Amino acid sequence: MKIDFKKQVIPHIVALLTFLLITVLFFNPIFFDGKKLAQEDINQWRGGAQELEQYREKTGEEGLWNNSQFGGMPAYLVNVRWSDSIVSGIKSVLSFGLPHPVKNIFLSFLCFYILLLAFKVRPYLAIGGALAFGLSSYMLIGLGAGHNARIGAIAFMPLIIAGIHIAFTRNKILGFGLTAVAVALELRESHPQITYYLLMILGVYGVLQLIAFIKSKRAKDFAITSALLVIAALLALGTSFGRMWSIYEFSKYSQRGKSELSKSISDQENTEGLSKDYAFKYSNGILEPLVMMIPDFYGGSSGHLLVQDEDSKVLAALQKSRDPQTANQLARYTSAYWGNQPYTAPYYAGAVICLLFAIGIAFADKKYVIWLVIVAALGIILSWGDNFKALNYFFFDYLPGYNKFRSVTFTIIMPLLAMPLLGFIGLEKLLAKGLNKETQKKLFIALGATGGFCLLVVMFAGMASFTKTGEHQLPAWFLKALQDDRKSLMRGDALRSLVFILIGFGLIFFNLKNKLSFGIMAGVLSLITLVDLWNVDRRYFDDGNFKRERDNSFFSMTEADKEILKDKGLSYRVYNPQGTFMDARTSYHHKSLGGYNGARIRRYEELFNGCIQEETSQLISSLQSGSRSVSGYGVLNMLNTKYIVFGPAKNAVLKNNEALGNAWFVESIKKVNSADEEFDSTCEINPAKEAVIDISKFTPAEAGYDASASITLSEYKPNELVYESNSSKDGLAVFSEVYYPIGWTATIDGKEVDIMRANFVLRALNVPAGKHTITFKFEPKAYTVGDSVTLASCIILLLVFLGSIGWTIKQEKVAS
């Protein structure tokens, strides 16, 4: 088999070097200044993962249970390492050892490039498409926020589609091997929401392929290929078996699971999955997806304050007001963004890509047009969320698993993938057809649909309201300036996009006229795509996104932390009432009642919303009246909340002397028969004396009470707790640890006993009289068994992938 190095190798080398160069240049502070990305979500993740990291470093073992967040929860979604080093090794090889997380942008280039090659787009054209996908502002904004798993999962979406397409159209075995590896890489990123949207894309593709195969009387061939791909997917699932098992298991008990309460607690609905209010909190306006072509169509980022722009009319108006107090108040209302989402930034696809998408609709094969237009339209409609309830509420209520996901605007990744894919497929088709009367007409229609729209926006921008909900109450002089600035942003970006569309059109047109070579056209098209996206990306991702490691003061110990850590007790909890569920900084140094994680144990969240918030309000009222006494807060006490911290200063720490400790015997049991009764009683009892047990689920023994009995924590590990008890009577012991029904076992002097749930969220045991050693261990099968399956599957995956490549090379040699 003879290889034409110039045609078959050089273009791919050029592509790889281009992707590497762009990655290094865009993230140059990392490579040349020794800086790191400043990612808020990653900072928060580090806070929640600190105890687990320390335990792993000290013992070489996995902690599995995370005691530093939300009173305790499984560590699966925080920090667990699985035996999937083969898959992570493949990712490292594909990313040429680039640092995390910027490697995900390089991988998005590479995978989309492979996807375009699979659809027979020539390499030099495919480079531009790859850059467009990887540099869409959606990717960079997500990376800046610290959504590394989401961006990593998106990066591998094109590789999966490529493997499946190769299997159906060119080479079953190679497609089988590539799909298996690609799905394994996707699942390892552990972002089920993005994988779910990928399945939507593949579902439409599969239906259209089935129709095509049936029409060509090749149904058997479709069945064989599909069976191979199912096997590939199952093998890939095996490489993440433990991870997926544990997440599925936990989901039933998280706030994404169904509540056992008949009444609503806070904003949670009593259905399985998230509430609609929570899931659709971020919903695009009907016209908001136009930011894919005109980034400032809705003003840009919600974080961009016009008062910070020296030439803005808002700033000039505030300066003329000569009222510093009013000006300072109004300055908070100068966001450039005028849509209705709480926080957002535009997901710009690129003006040239929008032109190419229109060209793709006009020239690509009908089957690809139908597939990718459906995908793009579906992604846009789903991103409307609350603004298109007819379809979105139907999906939320009836599409399996869809109600587990929040931020429905993430579906915009569907058009962001479909547009460059169809665009470059269509461009390749147009170039093959050449210029004639028919193609010229379609080409100008594509120009009119995109450039013409931008021109209309430039001419008639003043017809928009440029006002978000509630802003009509602002002073008229101020609102007028605000509207004028927003209008200027829309008009300026519409004109900008029009210029890029005209340049892109000119390149294609002159190539079709044989006045520009293919190489120059493809190269300059890639260049203007790069310039277009790079400049917009820099609005939201600039040098401010990087910082030196030593500059990270987020976890620096405060005087309050130092004061609390003087307490050398093995385990106690700290409560920071300020942003409890958005605060993992407290978790970095302490075992916190709060934390930062999108999945929490539902019962704990319900207890917090229904009881702890009320106790917190009472505590704050007491403080405001001048009292620093912490007394009578039963739920805080039973969670062993020993310290409450209101700020960084030493005197901001309140010690709770009534915290009940790690475990205690109770005098009596309040028996209830439902979750509702259990919840209501927990908020009312004195937990030092009484425990609430749901006897429809658990059977507490009739027990006495020894006032002199003791039970103390003697050994502590995240996944193992050892207590010493001493009592003259059989008794019920309550432990200030969160109850989780799967994986925890309890033994008394080595003999296993049943763990009961007490006080809605805590653990309890029937403890016999005498001196005993009580041990709790967390050994979930999802990890012990799941990790073994993961390791075995990874080994098989590697052999299958290498075998598919070897088989393909051998077949090509035979064919030649």
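Note: Cβ is positioned from N, Cα and C throughout, glycine not excepted.
On a predicted model such as this, the values are computed, not experimentally measured, just so you know.
Straight from TrEMBL, the features:
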type     : residues : note
TRANSMEM : 12-32    : transmembrane segment
TRANSMEM : 101-119  : transmembrane segment
TRANSMEM : 124-145  : transmembrane segment
TRANSMEM : 173-188  : transmembrane segment
TRANSMEM : 194-214  : transmembrane segment
TRANSMEM : 226-248  : transmembrane segment
TRANSMEM : 345-363  : transmembrane segment
TRANSMEM : 368-385  : transmembrane segment
TRANSMEM : 405-431  : transmembrane segment
TRANSMEM : 443-466  : transmembrane segment
TRANSMEM : 494-512  : transmembrane segment
TRANSMEM : 789-809  : transmembrane segment
Folded-back contacts onto the transmembrane segment (789-809), same chain, C-beta under 8 angstroms, at least six residues removed: 1, 82-87, 90, 171, 173-174, 176-178, 180-181, 184, 235-243
Most Cβ pairs under 8 Å with the transmembrane segment (368-385), selected from 12-32, 101-119, 124-145, 194-214, 226-248: 194-214
Long-range Cβ neighbours of the transmembrane segment (12-32) (under 8 Å; 6 or more residues past either end): 96, 98-99, 102, 105-106, 109-110, 113, 123-124, 126-127, 130-131, 134-135, 526, 530, 534, 537, 543, 546
Maximum Cβ pairs under 8 Å to the transmembrane segment (443-466) - stretch from the list 124-145, 194-214, 345-363, 405-431: 345-363
Cβ-based contact of the transmembrane segment (226-248) with the transmembrane segment (173-188), 3 or more pairs under 8 Å: yes
Range from 124-145, 405-431, 494-512 with most C-beta pairs under 8 A to the transmembrane segment (345-363): 405-431
Highest-contact recorded stretch vs the transmembrane segment (124-145), from 194-214, 405-431, 494-512, CB pairs under 8 Å: 405-431
